[in-house]
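Comments concern the structure below.
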Amino acid sequence: MEGVAFASFTSFATKSLLFSSPSPSSIITRSQKSRKNISPKPFVTLLDYGAGNVRSLRNAIRYLGFKIEDVRTPKDILNAGRLIFPGVGAFASAMDVLVKTGMDEALCTYIRNDRPFLGICLGLQLLFEYSEENGPVKGLGLIPGVVGRFNSSNGFRVHHIGWNALQIAKDSEILDEIGDRHDYFVHSYRAIPSDDNKEWVSSTCNYGYDFIASIRRGNVHGVQFHPEKSGDVGLSVLRRFLHPNSRGTKRPTQGKASKLAKRVIACLDFRTNDKGDLVVTKGDQYDVREQTKENEVRNLGKPVELSGHYYKDGADEVSFLNITGFRDFPLGDLPMLQVLRHASQNVFVPLTVGGGIRDFTDANGRYYSSLEVASEYFRSGADKISIGTDAVYAAEEYLKTKVKTGKSSLEQISRVYGNQAVVVSIDPRPNGEVYAWYQCTVNGGREGRPIGAYELAKAVEELRAGEILLNCIDCDGQGKGFDIDLINLISDAVSIPVIASSGAGAVKHFSEVFTKTNASAALAAGIFHRKEVPIQSVKGHLLKEGIEVRI
């Protein structure tokens, strides 16, 4: 994952690396190692410099039976038995942290000595000579080649977000169980295979052209995709790195996965009901109360249980949307943070959370920036955050002044975590009988604003949004299909991925939106919650229609 190199990020990341205290359960202390009559779990060393969601990787490592030792000094790298570097954020910022802390030389020594190493995403890219991201910026120089940005002029959207196929180039050991299945990528920059680095390349992936998906030389491995977010196939990659002597049966490297798959996303709208319980609900044109005398909040289940069910049923991502988050102080919403923490322990696909992400001042007069709010969500297990109301206000101000202040929630969060971590949720409704104007709304659809969906989409892309979640209030809960005209209007206007939402009522609606629009993903809620259509049925239908999906 990449972002923008700023001094504030370097300071943030350096402090996190040197002074933060990981959770006690994640560290093996010297006293624990020396205790008699205890058979300690095996451990792996993690180089976490403090940016992005590394909690998911920690959870995956623990899920596979390992404990974690965190790097504090360069010596910790040199003493590591197995080292994982889950790089996130910007290339320049990461290199700055490594150089300032002396980690760069230790990493190079460790890797040159052929010690067991796994670099993930940016952790792979940093091994190359330099990057063009806000550069050129010098890398560790261990692998010949340049890390450059994807070219959007050929019609491919940047970022490369989603589940794509690998072309295995040589025996890589850790990739042996991938076979014909997809892996999850999220990045804007990539390295290209060449004669100079071909001895390193273990697999490639195609997104307009071939790029390096993984490397292997001896005990040194690197992957551009995120194994901790690639479901069972990703867990197999981590397992084979962590347990080199307990490898399973090798799967064939040929199969159905051949290109970037369309994503099917399960959405969990939730709120506190009148009894104070956190429940998953679903609206009818955003009205979540039953049309009964009691007028209770519609209760469709518990968020952690449902997210686990959808993961097992094949959801490519899970979105948590706190539909009353705009009313409250989100860092005081402990149940929401707990939902993320618990869900991320067993759900190994991307998690998005939205609701109330903006600047706040609490009852005691303490000010919290939107970056602090988002950071707590990331630390709790979110991979992406979704911004609604605050993005509308930021876009209106930008269109009025034509000035990027860097102070909006969009700009603050993308600056530190990368714009691939920022989703803008647009809630429009048609306004006009002959020539429909899609008027944007805020505060859960309760207030219309003088800005259209088209103008908003263009503006938030300029302000560094990474994806657009495109809803439609009039279609919400109706089960008559997605608003194809609206989706075409927006997906044709921007170069970032668009997620179609609102209106799915049958499997045919998914094939319709993927064949008639350029949507990268389709999101649904009610039909999954009410068990009207299982996710596997949606994917089975899409496969029959010739649409590539992850299975």
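Every residue gets a Cβ built from N, Cα and C, even glycine.
Summarising the annotation, TrEMBL assigns domain 'Glutamine amidotransferase' to 46-241.
The active site, for GATase activity feature in TrEMBL is assigned to Cys121 (among others).
Annotated L-glutamine binding site per TrEMBL: Cys121, in sequence order.
The active site, for GATase activity annotation in TrEMBL covers His226 (among others).
Residues within less than 8 Å, Cβ to Cβ, of Glu228 (active site, for GATase activity) and separated from it by at least 6 positions along the same chain comprise Ser56, Leu57, Asn59, Ala60, Pro86, Ile120, Gly234, Leu238, Phe348. The active site, for GATase activity annotation in TrEMBL covers Glu228 (among others).
Summarising the environment of Asp269 (active site), the number of other Cβ atoms within 10 Å of its Cβ, over all protein chains shown, is 26. Annotation source TrEMBL lists active site at Asp269 (among others).
Residues annotated as substrate binding site in TrEMBL: Gly356, Asn471. The local packing around Gly356 (substrate binding site), expressed as other Cβ atoms within 10 Å of its Cβ over all shown chains, amounts to 23.
Cβ neighbour count for Asp427 (active site) (all protein chains, 10 Å cutoff from its Cβ): 28. According to TrEMBL, the active site annotation covers Asp427 (among others).
Using His226 (active site, for GATase activity) as the reference Cα, a 10 A cut-off selects Cys121 from the recorded positions Cys121, Asp269, Gly356, Asp427, Asn471. Closest in space to Asp427 (active site), of the recorded positions given as Cys121, Gly356, Asn471, is Asn471, taking the CA atom of each residue. Across all of the domain 'Glutamine amidotransferase' (46-241), the predicted model scores a mean pLDDT of 93. Note: the CA-CA distance between Gly356 (substrate binding site) and Asp269 (active site) rounds to 13 Å.
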